[in-house]
Amino acid sequence: MKIGIIGAMEEEVTLLRDKIENRQTITLGGCEIYTGQLNGTEIALLKSGIGKVAAALGATLLLERCKPDVIINTGSAGGLAPTLTVGDIVVSDEARYHDADVTAFGYEFGQLPGCPAGFKADDALIAAAESCIAKLNLNAVRGLIVSGDAFINGSVGLAKIRHNFPQAIAVEMEATAIAHVCHNFNVPFVVVRAISDVADQQSHLSFDEFLAVAAKQSSLMVETLVQKLAHG
């Protein structure tokens with residue numbers, strides 16, 4: 001099995017990249033892909049850049065160039081579920097766009113024409129992630145993760161997301177674009193991220209302060225998940 005891992009930012013990939021054995025770097029389309037072995041398992045780790053276009057471009061290049069069997073999206077996210085605090089883990093069962101609106105033509109809010117309203121994560125990957133969470137004794141929530149090209153740190157943006165997606169557990173800027181590409185390529189995916197902030201008016205301050213905490217937690221989760229997928 002070859003496992004594809006995608007993070008947007010340097011801070012979100014550096015801990016995993018440093019552990020890759022026989023590492024090679026591919027620079028393509030503004031993205032960097034690091035290939036090699038993580039604890040003996042073949043992986044391809046992508047640093048995509050921030051936002052939906054960068055994530056979709058990077059995911060496409062990763063899938064075409066490296067042919068991974070599954071995709072794990074890692075990194076940080078803003079917490080929406082009331083039980084979440086910094087460092088907690090969120091696992092997607094579905095991903096949706098929070099900034100797409102074609103409702104004038106009868107689509108659901110967040111749905112693009114020709115696409116499902118939401119992109120379902122793979123059940124086996126979800127189960128494997130939850131097994132790792134239990135093993136590591138981490139606090140985690142599974143549910144809907146929403147994505148858009150905005151960092152949510154104000155009451156207006158937050159209220160709009162809560163109105164349109166009251167069940168959403170976390171918000172960030174890449175996961176749904178990655179899920180969209182995986183859907184088109186028929187490649188299983190799951191989003192496993194750590195909370196860096198609670199999406200409120202102070203979230204930009206919390207993000208800067210706690211990004212390293214989120215990166216450490218999400219990297220630990222992904223490393224454990226890779227081992228689980230490779231060895232059971």
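The backbone N, Cα and C atoms fix where each Cβ goes, glycine too.
Annotation note: E12 (active site, proton acceptor) sits in a helical segment as assigned by DSSP. In the shown protein chains, 28 other C-beta atoms lie within 10 A of the C-beta of E12 (active site, proton acceptor). Taken from Swiss-Prot, the feature active site, proton acceptor applies to E12, supported by sequence analysis.
For D197 (active site, proton donor), the Cβ neighbour count at a 10 Å cut-off comes to 25, with all displayed protein chains included. Per Swiss-Prot, the feature active site, proton donor maps to D197.
When Cβ atoms from all protein chains are considered, those within 10 Å of G78 (substrate binding site) total 26, not counting its own. Here Swiss-Prot flags G78, I152, M173, E174 as substrate binding site.
For M173 (substrate binding site), other Cβ atoms within 10 Å of its Cβ number 23.
A separation of roughly 5 Å, to the nearest angstrom, links the Cα atoms of G78 (substrate binding site) and D197 (active site, proton donor).
Cα spacing between D197 (active site, proton donor) and E12 (active site, proton acceptor): 15 Å, rounded to the nearest whole number. Annotation note: G78 (substrate binding site) sits in a strand segment as assigned by DSSP.
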